[in-house]
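As structure tokens, the structure follows; a few thoughts come after it.
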Amino acid sequence: MGFPKEGEKVQIHSYKHNGSIHRMWEETTILKGTQSLVIGANDRTLVTESDGRTWITREPAICYFHANYWFNVIGMLREDGVYYYCNLSSPFAYDLEALKYIDYDLDIKVYPDMTYTLLDEDEYEKHSKMMKYPPVIDTILKRNVEYLRKWIHQRKGPFAPDFVDMWYERYLMYRD
């Protein structure tokens, strides 16, 4: 598996466990790319849903992908602070087409005061049965929910103070 290079513009593709496309982000600028970590940024990028509907993101976002964890984190810069959306997902893969991951339904929304809510447990239960997630996936995802909770409480990784602001400043250097 390769990895995207700094300054490169890539698509992000999210899939479901059964291999079907879930969502695509048209353009994300890579700010850091290594075998184990990718940090990207986008602002007002086109998003295409699996049913063909499209929408445009409303605010700048910093995207954090790690090869050793089963989640990715999007930090969204809004007027009243940074909001985070954490997707429980497979670790990322990259090919010349896009940065890719499998979305496993569960999400954690984190507010600027670092309180958070676990979302979509019902969707996870439904898809787990429908797509026959193996028990090992359930174990891995539950462990990674706990990792995320610890990171949020410890302000670690993408939740560290100034993490999103620092990477957003770097992103501004690449804007056209």
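Glycine is treated like the rest: Cβ placed from N, Cα and C.
Taken from Swiss-Prot, the feature active site, proton donor covers Arg23, and the record attributes it to sequence analysis. According to Swiss-Prot, the Mg(2+) 1 binding site annotation covers Asn87, Asp103, Asp107, on the basis of sequence analysis. Taken from Swiss-Prot, the feature Mg(2+) 2 binding site applies to Asp105, Asp107, Asp120, Glu123.
Features as recorded by Swiss-Prot, highlighted on the structure.
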residue : record                    : contacts (Cβ under 8 Å, 6+ apart)
Arg23   : active site, proton donor : His13, Ser14, Val47, Thr48, Glu49, Ser50, Asp103
Asn87   : Mg(2+) 1 binding site     : Ser14, Phe71, Asn72, Val73, Ile74, Tyr101, Asp103, Tyr104, Asp107
Asp105  : Mg(2+) 2 binding site     : Leu88, Asp120, Glu123, Tyr124, His127, Ser128
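Reduced to three states, the DSSP call for Glu123 (Mg(2+) 2 binding site) is helix. Counting Cβ atoms from all protein chains shown, Asp107 (Mg(2+) 1 binding site) has 19 others lying within 10 Å of its own Cβ. A strand conformation is recorded for Asp103 (Mg(2+) 1 binding site) in the three-state DSSP classification. Fewest other C-beta atoms within 10 Å: among the binding-site residues Asp103, Asp120, Glu123, that description fits Glu123.
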